[in-house]
């Protein structure tokens, strides 16, 4: 919140920001220590008593949550899973230690491969193929546009900012004191004799083919400021952040640099575009909240498929209207609408994916689809990022098409609302 909104305390160090972002992960690790182990895993490793105790705890908790009188926990039928160490124990007393390690690793990898391939066997093969298409298209469109939106808005701002640039050609200033901010200016063929630039800021200022003679630069902060083909004669620089890369093809004659400022001197007050990127992302993320609430309330009422397909199709349609976005406010409004619609598709897709796979293939199938999701996100970032500032038509048409097509494929999945999990 502080980093986005620019409150009194800002994260001036990226390390502090990273530490703050890592706190939820650390909290999750701590919370996992209070989670019970999977009963299925305990049965696989032969720890039956611990598995029964956890199942009994789940049973009793559910009874209390329903407001029903507690019943005695009983098991009528149990199908014990195959012990995961069954094959390992065959060679546990033979061979060397590295032989046993090799057999164990080989067995684990082979078991993972067999479980993965079972996701493409009957009766879940058709569902896996359809889910693959839905996960890929949703991730590709969502993450691609998430990167594209802020950059496009920044590009619109840059074009508007550049259209207001002030140009000065051939100006000559002698014995003049600059103690105010220069912003969005281009100075060409200027001559500055005995001038003093003291306690001031340069914001998006360019000097080209200009002469600075017997000048003083003191306590200077600059943003996007450059000197091209300029000449400095007997000029002193004191406590400035004018580093070498800001002087392009520039000549220095008897000049002095002392007490140069080190580190990043840019703040949100100096560079509003930096603040704006975080603020746009903050608004887009905030728009996810009503989408989460709506999906939580309507998931069991309208069904998973209706919410999945409807959200993706509506997201694709809202994305298409970005074509007519010509202002920052309109683009931000469409971003919030798009994020609010898309999050409902994500929530319903998570639920339906879990419910379509049987227990022995659920984690593997979900993990495979999540990995595919990340690959699609990387691909979307690369493609959409490369089109920023070049064209607006291709990203919009591409995102709209993949989202609508993915939504139509999602509608072909079986409805799991009233089914018992396998």
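Using N, Cα and C of the backbone, Cβ positions are placed for all residues, glycine too.
Feature annotation from TrEMBL assigns domain 'SV2A/B/C luminal' to 166-257.
Taken from TrEMBL, the feature transmembrane segment applies to 275-298 (among others).
Annotated transmembrane segment per TrEMBL: 305-324 (among others), in sequence order.
The annotation transmembrane segment is assigned in TrEMBL to 330-354 (among others).
Positions annotated as transmembrane segment by TrEMBL: 366-387 (among others). If one looks beyond the transmembrane segment (366-387) by at least 6 residues along the same chain, the residues whose Cβ comes under 8 Å of a Cβ in the stretch are 116, 119, 131-132, 135-145, 147-148, 151, 353-354, 357, 394-395, 398-399.
Residues or ranges marked as transmembrane segment in TrEMBL: 393-413 (among others).
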Across the domain 'SV2A/B/C luminal' (166-257), what are the DSSP residue counts per state (helix, strand, coil)? 3 helix, 61 strand, 28 coil
Hey, which bits of the same chain come close to the transmembrane segment (305-324), Cβ under 8 Å, at least six residues off its ends? 134, 137-138, 141, 145, 295, 298-299, 330-331, 334, 337-338, 341-342, 344-345, 347-349, 352, 392-393, 396-397, 399-404, 406-408, 410-411, 413, 415
